[in-house]
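Per Swiss-Prot, the feature domain 'CoA carboxyltransferase N-terminal' maps to 221-490. Residues or ranges marked as zinc finger by Swiss-Prot on the basis of sequence analysis: 225-247. Here Swiss-Prot flags C225, C228, C244, C247 as Zn(2+) binding site.
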Amino acid sequence: MERWWFNSMLFKKEFERRCGLNKSMGSLGPIENTSEDPNLKVKNIHSCSNVDYLFGVKDIWNFISNDTFLVSDRNGDSYSIYFDIENHIFEVDNDHSFLSELESSFYSYRNSSYLNNGFRGEDPYYNSYMSYMYDTQYSWNNHINSCIDNYLQSQICIDTSIISGSESNGDSYIYRAICSGQSLNSSENEGSSRRTRTKDSDLTIRESSNDLEVTQKYKHLWVQCENCYGLNYKKFLKSKMNICEQCGYHLKMSSSDRIELLIDPGTWDPMDEDMVSLDPIEFHSEEEPYKDRIDSYQRKTGLTEAVQTGIGQLNGIPVAIGVMDFQFMGGSMGSVVGEKITRLIEHAANQNLPLMIVCASGGARMQEGSLSLMQMAKISSALYDYQLNKKLFYVSILTSPTTGGVTASFGMLGDIIIAEPNAYIAFAGKRVIEQTLNKTVPEGSQAAEYLFQKGLFDLIVPRNLLKSVLSELFKLHAFFPLNQKSSKIK
């Protein structure tokens, strides 16, 4: 059973958004504090830099339940919150014995011979504790809601062995948003106990899977972060550029959302929208024919292929842009994708336009065999003419994931290569390498930050800064907004 404690519980301040859950429970967890108090140098506690321990009572955890939290309202009434993860129990109780034991231990610590021997002095942490316990700013409902919201929002991660009783590499996660508003809003008296089990409520405990999707019931409301497994409200996610609210991780974006992010409103002019694949090698699998898969992804995404190409303006600067979409068959590059990108490059060369390609692909499309592989050479040949003969400017933007034939061709041929933070970029994926070479791929060796240190990229640019960075790069290479050009001619 895991034991948790609010680090900010004993502050006089209200519960802060940063209140973390401490797993190392040898003593009460560390509280961040910028001041240094020589009276707090208590022996036999874990060392930790830049933090001070609240107090060092050796056996204080003997009477605290493994999953119990203590809170109080503005009237001075104290309540304990019990969260039994193994048995899926949530309980709130106002039994004061918990508080009495904690205060008794605190007074015992205060009056101990250790403090009387010169270490008692002024104890700001004790004062903060007493002030907090009897003079908090929150009412009961707001306090509990804030408390549980922060608790479930934090990175609560329980080994699946706790749930299933067996060893597993996966994790189980509690989703705060699923139970908030239903499990917490109680019309019962404050003195009553509230117990909620998964059978009677929407509190959900489930194992993480490779696709990292939330339960079907809430899939239309929430998007799960691939990094911290937190939930992001889908309605607001687009306005936040698909960046996780909890950890700042850059989630996948559709090609349409990227075009909306980079291209000025009303300036997008798509190219070759009616170009579709005709199953050139008549690839048929036992599960689903290739043509049926294409039709299925077309209905699902509203796209005809895994890339959108066209002309638009970026802060008034005319640009040719291609944006790959990982949601369409993993952004795989088939004959249509290769042809659309090649035509875009040729059009940019004829019109003397700067070129941007946003890469998000699993590589060449196996359902088209060697026809998909030859797209690598065809696109590279078009770029050779565009860059070396026409002397024009090409920016490659690598997003997560960019792998296979895209990495081995136009993805790495940019005059400037930009990667998004934490993007997964590789030629062969981790699983392929490990199965082929029978060697373990080091963790993080295919992440953008590691590859940047090895010199593979020029920049790692956060999504919210990308448009302004591109605008400055284009101006640096003598591509200016249309209105600015006309004013210079006059």
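Our numbering is plain: 1 for the first residue shown, then up by one each step along the chain.
Glycine is treated like the rest: Cβ placed from N, Cα and C.
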Starting from the Cβ centroid of C225, C228, C244, C247, the recorded Zn(2+) site, name every other residue in that chain with its Cβ within 8 Å, sequence order please.
E226, N227, Y229, G230, N232, E245, Q246, G248, Y249
Quick one: of C225, C228, C244, C247, which of the binding-site residues has the smallest count of other CB atoms within 10 A?
C247
In the zinc finger (225-247), how many residues does DSSP put in helix, strand and coil?
7 helix, 4 strand, 12 coil
What is the average pLDDT across the domain 'CoA carboxyltransferase N-terminal' (221-490)?
92
